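Per TrEMBL, the features are:
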type	residues	note
TRANSMEM	21-38	transmembrane segment
TRANSMEM	44-64	transmembrane segment
TRANSMEM	71-89	transmembrane segment
TRANSMEM	95-117	transmembrane segment
TRANSMEM	124-142	transmembrane segment
TRANSMEM	172-191	transmembrane segment
TRANSMEM	224-241	transmembrane segment
TRANSMEM	261-284	transmembrane segment
TRANSMEM	305-327	transmembrane segment
REGION	354-406	region 'Disordered'
DOMAIN	415-660	domain 'ABC transporter'
Amino acid sequence: MSYLNKAALRSKTGFWPNNRGTIIGVTLLAVVILIVPFTATPAMMNIAVFSLIFALPAIGLSLLMGLAGQVSLGQAAFFAIGAYTHAILLQKFEMPGLVAAVGGVVAAMLAALLVGLPMLRLRGHYLALATLGLGFIVMIAVREWEFTGRTTGIYGYGRPEVFGVPIDNNGLFFWFVAPFVLLGLVLALNLTRSRAGRALSAVNDSELAAESLGVNTYALRVKVFTLSAGFAGLGGVFYAYQVQIVSPQVAEFHVSVELLLMVVIGGLGSVWGAIAGAFIVELLSEGLRDLIPAIIPGATGEVQLIGYGLVLILVIILLPGGLYQVVKTAWAAITSRIAARRADATGPAGAAALPGGAADGGTGEAPTRAFGGLPGEGRSGSDANDVAATSDDDAEGSAPVPTVSTPVAAGTPILEVRGLTKRYGGVVAVDDVTLTVPAGQIMGLIGPNGAGKTTCFNMITGAIAPTSGTVSFLGSEIQGRKPHVGAEAGLTRTFQNLQVFSSTDVLGNVYMGRYRKGRAGILRGMLGLQGREQYRHEEIARDILETMQLGDVSGLAAGDLPFGRQRMMEVCRALASEPALLLLDEPMAGLSGREREMLATLLRRLRDAGLTIVLVEHDVAQVMALADSVAVLDDGVLIAHGDPESVRNDPAVIVAYLGTDAEEAEAELKELEEHA
Ligand SMILES: Nc1ncnc2c1ncn2[C@@H]1O[C@H](COP(=O)(O)OP(=O)(O)OP(=O)(O)O)[C@@H](O)[C@H]1O
């Protein structure tokens, strides 16, 4: 379940929500928070206070799991670190409440940073296990350490005061915590719609594709892990105040399970789900506390944990999207019904307006800024490479091409590969390949199946490390570095096996191509301080889609596109990064004849605009027609490299590439020449 599940790209700047659904939601929540202390019974008030306290670590966990796709079973560790630090600073060091609270949050974040740096190199189940282990370590440490009061814990530090007023009842405490939860909610919502938030979501969909667009996935993961711990630490601070004694119970495994349950019940697709989940689990927890001893006399806390486990399993089986999915589906049904009624009332003209409204899922406004002018207008960066339109109706041949980067003069080596080798056990996938790619040219890289073409691409882009050899891009050696290093410098690629960001729409995919051109990080994203940056990149992404004749599908979920159009979308996404070197891995596969022609025309025009392209393609005729030079791999070995004419007539290529039967080879060669 992905966080922005098929969410349309909706840019946002400014701190406060600008989307109708969010404004209504936050206002309603604020009103509910205001009236709860006047209406709730003391028992309910107690549950409400703990729900708000646990909503904070749940929001953090929701960002970590839902947005970044990292499962954590140790969120209680950071909750406990926040609580203990706060209590210790108050009780042992007699610090002011505000300083102690900040100390609690900072301690949780520092701990997360320290453990996150090595831990976040792990993936999937390994990371989940590592966080589980961390939870146990913290629990045992606080239980055994004299300084943390062993099993007794820390107590005797008093209640908080605001402007001299003691917060000494549940109603006041509820109002004391609520603004922080609302603030946390708005910050988290802002993050999900920011450059960094969309990058996290993209990493969740395809780490390789995100890296290839310049996203430093590891750094981003560490940051969101640290941020998530900050939310947990703040929750711990409030918990310490509320319970007035911080004991090892706060770090127990069941707290992590409760937090996990909150996020899953609420729905991994939404920060709202974390808050709803916190209230549901607190109610459930109270219910189970009464219910379990009634069913099983003498049952202990472990049985309650089993109860949680059962609920978790049931939710995952019956309601994998959690409450959020239910609400979203219901809301979409309501809005589409209203839209259908309006369409009936207004006739065909009204009906024509429907798809745009529905694309948003009814949860807010669709992108307000359609790219209305001529393709190319309002574009950032150098427009010097844009090719001016020369004809009105020949869109493929005359529309401006996306901006490319030309860091070196045409003909200068932009990529140099020396002795590149990759061994898999006994298999030598690529064997001592040495190649130079001059700037401003198209180089074809061809060879029979299994020749080592994709392996070469993977080593050049950093997807895999070479066994030996060097890759120099724009004069810097990048072999063995992560793909984002080359991407940041202007090297990007497409994939033989498509790597689509399925959690967002087509526009959202191409927008991610702009990542390396943006600057705003997590903090600016949360505070909504992205300025016009995000809108500008959205405009450019729209522009590219229009140029590539995909403007009509920009609001569709990327995964719903036909295969050929997904491939074209990947090309758009790569071009959006304004690359200096573009590696295309079988871009024609799955395209219709017309799409192939369109792509071939585009590649020629991009080359004319200064872009360097390396093209792996099985359609040899297309490669021969397009490329300025052709390199041929066979069994991992570079057997020929030169202009298409000489390669076409190279006896080694004819034999190795077309087969050993000379007559058959000649016939096939003739056929190729006719097509070329
Ligand atoms: N991870 C791996 N482990 C073992 N062998 C591998 C691995 N990846 C690739 N190979 C082998 O390396 C060789 C080259 O594979 P590669 O995918 O690079 O070829 P290719 O030229 O791109 O083929 P195709 O045109 O069919 O995509 C093949 O023999 C393949 O089986």
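Cβ coordinates come from backbone N, Cα and C, glycine included.
It should be emphasised that the depicted structure is a prediction, and the values quoted were computed from it without experimental measurement.
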### Query
Mind checking which residues reach the transmembrane segment (305-327)? Cβ under 8 Å, same chain, six or more beyond either end.
1, 5, 253-254, 257-258, 260-261, 264-270, 272-273, 276-277, 280, 284, 288, 291-292
### Query
For the transmembrane segment (224-241), which stretch among 71-89, 95-117, 124-142, 261-284 has the most Cβ pairs under 8 A?
71-89
### Query
Any contact between the transmembrane segment (21-38) and the transmembrane segment (124-142), i.e. 3 or more CB pairs below 8 Å with pairs at least 6 residues apart?
no
### Summary
Checking 44-64, 95-117, 124-142, 172-191 against the transmembrane segment (261-284) for Cβ pairs under 8 Å, the most are found for 44-64
### Task
Would you mind listing the long-range same-chain contacts of the transmembrane segment (124-142), meaning Cβ under 8 Å and 6+ residues beyond its ends?
70-77, 80-81, 84, 115, 148, 153, 248, 251-253, 256
### Message
Which sequence-distant residues neighbour the transmembrane segment (172-191)? Criterion: at least 6 residues beyond either end, Cβ under 8 Å.
### Response
12, 15-17, 22, 26, 29-30, 33-34, 36-37, 45, 48-49, 52-53, 55-56, 59, 62-63, 67, 160, 162, 165, 197, 231, 234, 238, 241-242, 271-272, 275, 522, 525-528
